[in-house]
Structure formats: C-alpha cells, structure tokens
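*Asks:* Here it is, the structure, as structure tokens.
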Amino acid sequence: MSADGLAAFLAEANEFRTIPIVRKFVADVIEPLGVFANLREEAVFLLESKDDESPWARYSFIGVAPFLTLESETGETFSVKDENGNEQITAPTLKEAFQWVERTLAVKPLAETVPFTGGAVGFLGYDFISAIEKVPRHKNRDVPMKTAYFVFCESLFAFDQKKRELLVIHYIRLSGNETEEEKIEAYRAAERRMADLAAKAARPQAEQPLLPAESESGRTASFAKAVSNYDKKQFLRDVEAVKRYIAAGDVFQAVLSQRFCVPVQAGGFAIYRLLRYINPSPYMFYFQLDGVEIVGSSPEKLIQVHRRRVEIDPIAGTRRRGRSPEEDERLADELYHDPKERAEHYMLVDLARNDIGRVAKYGTVEVPVLLQIGKFSHVMHLISKVVGELDDNVHPIDALLAAFPAGTVSGAPKVRAMQILQELEPTARGLYAGAIAYIGFDGNIDSCIAIRTAVVKDGYAYVQAGAGIVADSVPELEWKETRNKASALMNAIEQAERLFAKGERAVC
C-alpha cells in the first residue's frame, strides 16, 4: 500500500464520496478480448476499436461489477437501481436520472488522457424517440427488452492501443459517515481488489477455444435459417408507398428496414469473436446485461462530446476496397464523383448541422471536413465532419438527444420520416437504429449508431438492416440492400453456429 496514495485518498475523502484510484500497466502481452474473456463472470461490456484503417480506432474499454443501473421500459420514465435491484429514484428524463447519480456519487474528477474514465455505458433503443418527439409508439413490440439501459461499473479497464497502455480504474464509494479507520480499510480493500482483477486479466486464455483461421470474411451469408419480419412482396409495396410520400412532398428520404430472426445455439460472445475477425470496425461492442447479449460492429458515430466540443461525422456513400492500390484509387474516384451519393451525403451534412445547431453556441457550427474519402478495412465511405461548441446552459446529454436517432437510419425530415416508418414497418425496431453510448462523469460522450448489431435473447439472434428510399429507388434493389447490409452479421452468426454450436436448434 502506497503511503502517498493513502494520504491523498484520505484528503480527497473529505470532499468527495466516490474516489477513483488508478493503476497503469504496459499492455504488451494482453489485449481487450482476452482480458474480457478472463473477467466474463463480472464483466458486462466490451467496447473496442478494431479497424486499423480507421482514424477513430484507438481506445477500448471493459466494465466490471456494475453497482448502479439506469433503465427505462418505454423512455417515458427512468429508474436508478442498485446492484441488488432496489430502486433508488425515478426520474422523468434520462438527463435528470443521470444528474441524480452525479449528485449522489459526488465523484472526484480524474485527469487522464483516455476519453472515458467512468460513468454510464449502455444503449438507447430506437423506440425511445416516441418519448421525445411526436412519433407514435409502435403497437407491435415483439422482442421484449428495455428501451434504455445503462450501467455504472465499479472497475474499468481502459486500453490505449496507440500507447500500448492499460489503465485499471477502481471507484471507492463512501457514505460520508466513515471513521478514518474505515476509510483506510476501504482503501486497502480497493488495493486488494485491483490486484485480484489484474491477476485475473493476465491469466492465459486456456478456457477459450481457438478461432480457426479458416473463418472467412469473404464467405457469403446464406440466410438459410433466417426468418424476416417482412414478407418480400409487402416490403416492395412499402418501398412504393415511401416513394408516394416523397412525390407528395412529405419527405426526401426514409430508411425502410427489415429484421431477420435466427435460432442460435452459439452464444453472443462466440458471435462477437467471429464478427470482429470478419468485419472489424471503429465501433465494436459486446454487452451481457439484463438477460440480453448485444453484439455489434458499427461503422458510424452518432455524436461525440469531448470537453464540450460536439462532433458528428456523417457517412453516406459506399464502395468496397480495391484488390490493388490502383483499383482502390479508381473506386475512390468513382465514389467521390457519384452525383447520387454526393446528393445524399449533402442532405446528411445539413441534418448534422441542424442537430448540432440545436445545442451549440451561435456561430460555432462548422464543417471542417466535407466529402472526404474515409477508408476502412473492407469498404470506403464519403465522410464529412460537423462540429460546434456546446452552449453554456446545455448538458452533454442534450446533445446526444438532439442527434437521436441519426438521419442515416431514419430519413429527412427526421420526424415525418419516422412517422411514416412507424406506419409501414411491421414491428418495433427495438435497439436497431438507436445508440450505443458512454456518458462520462466528466461530460464526455461517445456514441455510435446501433447498426450492424445483433440482439441475442432466449435462443434467437435478431439482426436488422435498412435501405434509404428516395424518389428513384428500385424496390428489388432496396430489398437486396437490406440483405447486403445484414450479411456480415449473418455470416458471423452462421460461422459461429458451424464452429461452436451444440445441440438442437429452435425454429423462429
């Protein structure tokens, strides 16, 4: 036990009720997936950046031992519960519930270079929109899960891939009534806990079966056992219905989606291992919480807040990566000059400017990057960057909600497009097209759109994907686009079943 560390802790305990202690390690022989596998009995989330080609790939986080949850069934009220499920407070909004946690915990600020050092981690389902906009609630919610669910963890593992550093952050929680001896014992217990976690993290990975190198990113998903929530003929008719709304001037675009249900025996973690190998992405995540596993590989940021600077990076327009540098350059040039891709992208940039403008100081909204080719491991996109500075009276959560949901998964204008989608789509979207996010005690937020995402629950995996319908859309091609967008996840599921599943399969 460090005497200096203990003295600092005792001084901080006079001012704060929740105090982080930090240990740094060189992360040269461990990596996030292996550490999570070793800590799976207590760990609830793994957030990774796995695309070396992406400018956003640097940090990964693991959360261990949640002590509070912030959750909502419908988005209309939020409950904060302790680790035993006892409700502590009910609040009308996400922001008010989070602010109650901030006040109650009274967390000592932590000056570290990693962007997230503790706070809430979880998801907002797409259906949350009905609580904040004039969008009717869908009548058919056939996959029961919370609309919002966030956890606050006692311990956090933060990896910096660039520096090859690991920070282990452990929060000591006090009531404010402890004697000095009790505070000293709390510090000693935290030291023992961190030593135990570090030892578990460094264990060999003997209990995890090796992933065969034959797992193929190029394999085509068969969809053989998948059942769609959409009859194909009805989907094609609904594409035409959206086009009629466009012709009438209601919207410019709406993103119509279909959901695939697949019976699974392989667990969500096996699917995640395949997915990160097949389709690495800037935003990869695995959650095991509230009876649900969530597996995702999202390419697209929803919104980021860092030191009150807000950023949205609109993505629209896609080409595969070339098989040679020359083909790669040709495809990039083709994408950049495609008039349809550019028109859609400009529309999304305007949406992002509007979203940030709702919460930013007047005159601070800028577009420092416009129509840049962003290259990822398997594809390239047109990418722009829209930034602004949060207004003084705006909470970072206000920025998250201003951008929710993304225009790329709803349409334009957003609210009218979502009203049309609620009318046409046969089932509620659930998590799909919502957000995966962390909300830091320090006000930092990072979030991605919940696309390329599977929900694994009660022996089934649910995968949903959409296509942006515009005036000249061809229904058959839009149907194929939804399947193409779901194919990476379906491929991961099918390979996980082939490699790891045992026993009889259910039927959707």
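Backbone N, Cα and C atoms are what each Cβ position is placed from, and that goes for glycine too.
So Swiss-Prot says this about it:
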BINDING   Ser49, Pro282, Tyr283, Met284  L-tryptophan binding site
BINDING   Gly317, Thr318, Tyr432, Arg452, Gly466, Ala467, Gly468  chorismate binding site
BINDING   Glu344, Glu481  Mg(2+) binding site
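Mind mapping these onto the model and telling me what they sit next to?
*Replies:* Ser49 (L-tryptophan binding site) counts 20 other C-beta atoms within 10 Å of its own C-beta, drawing on all protein chains shown.
Thr318 (chorismate binding site) falls within a strand when secondary structure is assigned with DSSP. For Thr318 (chorismate binding site), the same-chain residues 6+ apart in sequence whose C-beta sits under 8 angstroms from its C-beta are Leu335, Val379, Met380, His381.
Look at Glu344 (Mg(2+) binding site): DSSP puts it in a helix. The Cβ of Glu344 (Mg(2+) binding site) has Gln253, Ala316, Gly317, Gly468, Val470 as same-chain neighbours under 8 Å, each 6 or more residues away in sequence.
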*Asks:* Taking the residues Ser49, Pro282, Tyr283, Met284 listed for L-tryptophan, what is the greatest CA to CA distance in Å, to the nearest whole number?
*Replies:* 6
*Asks:* Given the binding-site residues Pro282, Tyr432, Arg452, Gly466, which one's Cα is the least distant from that of Glu481 (Mg(2+) binding site)?
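*Replies:* It is Gly466, whose Cα lies nearest.
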*Asks:* For Pro282 (L-tryptophan binding site), identify the closest of the binding-site residues Tyr432, Arg452, Gly466, Ala467, judging by Cα separation.
*Replies:* Arg452
*Asks:* So of all those binding-site residues, Tyr432, Arg452, Gly466, which one's Cα sits nearest to Tyr283 (L-tryptophan binding site)?
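*Replies:* That would be Arg452, the closest of Tyr432, Arg452, Gly466 to Tyr283 (L-tryptophan binding site).
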*Asks:* Looking at chorismate and its recorded binding residues Gly317, Thr318, Tyr432, Arg452, Gly466, Ala467, Gly468, figure out the farthest C-alpha pair and report it in angstrom, whole number.
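*Replies:* Of all Cα pairs among the recorded chorismate binders, the widest measures 20 Å.
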*Asks:* So if I draw a 10 Å sphere around the Cβ of Gly468 (chorismate binding site), how many other Cβ atoms end up inside it?
*Replies:* 24
